[in-house]
Amino acid sequence: MAAGEVKSVLFVCLGNICRSPIAEAVFRKLVTDEKVENKWRIDSAATSTYEIGNPPDYRGQTCMKKHGITMNHIARQVTKDDFQTFDYILCMDESNLRDLKRKSNQVKDCKAKIELLGAYDPQKQLIIEDPYYGNEKDFETVYEQCVRCCKAFLEKPH
């Protein structure tokens with residue numbers, strides 16, 4: 001990455017209240033710890049409209065607090081602008097990927113590279129499963145996957 005150049009990443013899941021806000025918060029902490037937060041624009045969004053305006057799921061917030069990470073995101077839906085302004089759009093599962101690819105085809109000048117966040121997992125867990133209908137342990141699994149994937153993503157040359 002050239003000196004002074006700001007890169008951008010948008011984390012996406014179905015509702016933007018479980019997986020993507022966890023990934024966003026984890027990545028924010030990583031770039032802050034590495035003292036490169038001024039080199040990144042970071043956000044998260046949903047493919048659906050189900051949860052727009054809502055805070056992250058309380059179980060995800062509890063999990064993140066346990067790890068000393070605060071979340072202050074409010075759910076929003078992916079916009080056409082996102083495809084033109086973010087360098088990377090990283091999503092959680094095949095359904096997100098399909099929805100994003102379909103939406104990106106309707107956008108002129110899509111500059112975003114759309115990928116699964118799990119593609120960066122050193123443990124090769126490609127899919128980050130939705131913990132919404134699960135329990136605290138499922139949120140912890142999402143957190144652990146996001147830490148592994150976000151670290152690997154941050155370490156790659158951009």
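Cβ atoms are placed via backbone N, Cα and C, with glycine included.
Per Swiss-Prot, the features are as follows:
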- Cys13: active site, nucleophile (ACT_SITE)
- Arg19: active site (ACT_SITE)
- Asp130: active site, proton donor (ACT_SITE)
- Ala2: N-acetylalanine (MOD_RES)
- Tyr132: phosphotyrosine (MOD_RES)
- Tyr133: phosphotyrosine (MOD_RES)
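Sequence features annotated in Swiss-Prot and their locations in the structure.
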residue : record                    : Cβ within 10 Å
Cys13   : active site, nucleophile  : 30
Arg19   : active site               : 32
Asp130  : active site, proton donor : 18
Tyr132  : phosphotyrosine           : 17
Tyr133  : phosphotyrosine           : 7
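For Cys13 (active site, nucleophile), the recorded positions whose C-alpha atoms fall inside a 10 Å radius of its own C-alpha are Arg19, out of Arg19, Tyr132, Tyr133. On a Cα basis, Arg19 (active site) lies 9 Å away from Tyr132 (phosphotyrosine). A distance of 7 Å separates the Cα atom of the residue listed as 'active site, proton donor' from that of Arg19 (active site).
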